[in-house]
Structures are given as C-alpha cells and as structure tokens.
Amino acid sequence: MKFLDEAKIYLKSGDGGGGCISFRREKYIPFGGPDGGDGGRGGDVIFQADGHLNTLIDFRYKQHFKAKRGTHGMGSQCTGASAEALIIKVPVGTIIRDDADGTILVDMVEDGQQFLACKGGDGGRGNMHFKSSTNQAPRRADPGFPGEEMWVRLEMKLLADVGLVGMPNAGKSTLISKVSAAKPKIADYPFTTLQPNLGVVRVEMDHSFVMADIPGLIKGAHEGHGLGMFFLKHIERCAVLLHLVEIDSLEDDDPVSRFQTIEAELAGYSEQLAQKPRILVLSKADLLGEEDRQVVLSWFKERLGEAMPPVFILSSATGEGIEALVYHVGGMVKQWRLKQGKVGHALEDAPTRAGSKALRDEHAPSWQDDDDDDDDDDGVEVIWVRE
C-alpha cells in the first residue's frame, strides 16, 4: 500500500431544504389557512478517526466532499427530511488544519473520535410561519440556508512511543525487525527505508510499546535534503528517541560527528524534538573488538561530556545488547505513560495507534490475505521475557 501522510481537501455541508408554500384544502374547507412545512437540515460533514486506516492515500483520488441537502418542506405542515451526515474517515493521529490560515482545528488521537467540520444549513420556514392578523394567506416561504464550506489540510502523524533516528544504513530497520514482528525492507545500501515502519515491542506479557522507524537523515535534512525531513513529524509524539550510530570500523568517518550532525538536524526541525529524552545506540558492534569499542566510547565521553545520553552497545546480527535495551526503553515508556496518565500498554490501545498494520496483524485471522507484504509470511511475534 502506498504511504501518503498529507492531503488537501474541500468540504461543503448540505444546504437546508426550502420551506413550502401550501394551503389547507379539504372537503368543505375550500379556503383553509397556510400549512406549508419547513425544509429539512442539510447534512453535516464529520471527520471520524478510524484505527484501521494507516494512510491518506484515498484523498489523492478524491478531494471534494459534499454532503446532501435537506428535503424541501411539504404541505400539511410536513417538515422535510434532514440529510444524513457525511462521515469522512481518517487515520488516528491525523491533524486537521484550516487551509486559509493554518489553524489547527482538531488532533484526532482516539479511535472513533469525531469532529464536526462543517455544519449543515438549516431548513427554510414554510408559509405557515408567516400568517398574521393582516395576512391570512401568506405566499412566502424561506429558502434553505446554505451549508458551510472550507478547504482543510490533513496531516497524519503516527502514534508511536519510541522513534528510531540516525543516518542511512545505521541499522534502524534491522533493529525494529529484531525486537518486533515488523518486517521492513533491509539491504546493504543507503535509503532502503522509504516510508515509516511501525512495530509492537512486547516486554513480558503485561507491557508493550510501539516503535517507529523513519527513513535515514542526512546533513541539511531540516532544510529539505534527503527523505527523513518529510517524516520527522511522525516521531514528534514519541516519548523516547533512539539515536543509532554505526561503529563498524574505526577507519570510517568520525561517529561522534555523525551523532552531532543528526542532533543538529533534529534541533533545526523543532525544539520539541531536541528536548526529547534519547538513548545513544552504538550499532553493528559485532564488527569491533572490545578494545575498539572502548575507544569509541571514550571519543563520545570526551566530546559530549555531561550532554552525553545513556549509551547502549549492541549488535542486531548477534543479538548482543538488545534485551537490555528493550527493558530499559520499556521502563522509560512506562514512566512516561504514568506521568501522562496513560495506563496500560500498546496492544490495549492498538486501535488508537494510527491503525498500523503492525498492530492489526497481531489479532488478524489466520486466513487473512497478506498480498501487500512479500517478506512477512514467516513473521512471528517477539515477546521479551527475563529469565
């Protein structure tokens, strides 16, 4: 499935139905009074968050959404039927902005959450409302009131607890494939990841969190260079960032400089990302001996000083250090949720977490088609349990 996280659409609620001009005509009552009914209300335009959606791709093919108008009033004081609301479903985590001034109208963060974007027009009054002592047979009725209209921008931000950042080929996709059932494309060349990937990491049986892997960042990303800049918004909601830096060779360029480059890009994108708790993950450590690892650590300590975040040395190839990292991150996420008042774990909140395929597949029936992913047919759920 193609991934689209931004869209611009036009909304128009339904016009109200017109009032009716009618007079009572029955047997033995040839000149009855006015009995024209009111028009029905036009349909509202309502956004609804749907946990089973994970992209805005549908809005690429349809940009105009118009609700139906209300039915006109009828005689015998019959009010016209109101039109049904037009429900537009969007992924959980979608921000809706007024395109005119960029104002945030709503942040759809819960499955089933609804937002009234455009209210339908009221129906017009029938001529029975205009009867008076001086006008016993009014031939006047109101037209229906017009519905509201506007252009809005939809911006989808994934709901994940942990975000993976780093330069291309730093091992982010490999890590998420090792700690969860996610099966992103993995290859030995830069920019293998072209869109965000989500995975559910289960710690013991009663706690889990969602991890997001975004395309690699390069110098100048916050100015539009590379792919990562377009997806940085997807980690703005994360509680913790894992910054992966590969240390496969001491002859390579300076790993500390690469770390500082990406940190500068995060700060350039937003102060919010710069202030998030983070963990420094030195990846591909199986390619270095213990002495060389300590040399790399000393470089970071000397140049970062007190600003140095917690460090984990790991190898996704051998599994070294992964369990300790998972439990440490799980503890940080749990503490963050307690502060935020979010009790529970990711699987309990699965419908509200961007409708991610990674979350839905855990509870999908075994016969469900899986044609959209050629690499995950043998995927298994990973549950980390201390021995």
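Each Cβ is built from the backbone N, Cα and C atoms, and glycine gets one as well.
Record features (Swiss-Prot):
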type: BINDING; residues: 166-173, 191-195, 213-216, 283-286, 315-317; note: GTP binding site
type: BINDING; residues: SER173, THR193; note: Mg(2+) binding site
type: DOMAIN; residues: 1-159; note: domain 'Obg'
type: DOMAIN; residues: 160-334; note: domain 'OBG-type G'
type: REGION; residues: 347-379; note: region 'Disordered'
Distance between LYS284 (GTP binding site) and SER173 (Mg(2+) binding site) at the Cα atoms, whole Å? 13
Sort out the sequence-distant neighbours of SER315 (GTP binding site) for me: same chain, 6+ apart, CB within less than 8 Å of its CB, listed by position. SER283, LYS284, ALA285, ASP286, GLY321
Tell me whether SER173 (Mg(2+) binding site) sits in a helix, a strand or coil according to DSSP. helix
Relative to the Cβ position of LYS172 (GTP binding site), how many further Cβ atoms are located within 10 Å? 31
Are there residues of the same chain, six or more positions away from GLY166 (GTP binding site), whose CB falls under 8 angstroms from its CB, and which are they? LYS172, GLY216, LEU217, HIS243, LEU244, VAL245, GLU246, ILE262, SER283
Counting across all protein chains present, how many other Cβ atoms fall within 10 Å of the Cβ of SER173 (Mg(2+) binding site)? 24
Could you tell me the C-alpha distance between PRO215 (GTP binding site) and SER173 (Mg(2+) binding site) in angstrom, no decimals? 9
LYS284 (GTP binding site), number of other Cβ atoms within 10 Å: 21
Does DSSP give GLY166 (GTP binding site) helix, strand or coil? strand
So for ASN169 (GTP binding site), how many other CB atoms are inside 10 Å of its CB? 21
